[in-house]
Amino acid sequence: LCCGTNAESPLLQCVLTGRWINDLGSNMTIEAVNKKGEFIGSYHTAVTATTNETCMSPLQGSQHCTNQKRQPTFGFIVNWSFSVSTTTFVGQCFVDKDSKEIVRTAWIMQDEVDSLEDDWKAS
């Protein structure tokens, strides 16, 4: 058990818990991060390549312990409820010069394909 609140400077601590909205209108909600750094939540994308109606999809992830880093790195997986694909996100939670919390991520999505020969176009 290693995660907890940074008692030295809680105002400069970037906390993942809460609702986040990106520049394209997608939003995610992260529930409380436990003492092991694990969390669950939900993600609703505003961007999709499918014709299916999008809906809230579950996510689960982990972050580095906040008592060790004030701007923690993290990763999470979204299992899309409306398509046969999964996306993995990695990133870091920052506090900018105006004390605003900002999350930056990179992601890779894996689509299901019909055969091993089609694997090249799955990610």
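Glycine is no exception: its Cβ is also placed from the backbone N, Cα and C atoms.
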Quiz item: Can you tell which of Cys14, Cys55, Cys65 is bonded to Cys93 by a disulfide, based on TrEMBL?
Solution: Cys14
Exercise. Using all protein chains shown, find which of the disulfide-bonded residues Cys14, Cys93 scores highest when you count other CB atoms within 10 A of its CB.
Key: Cys93
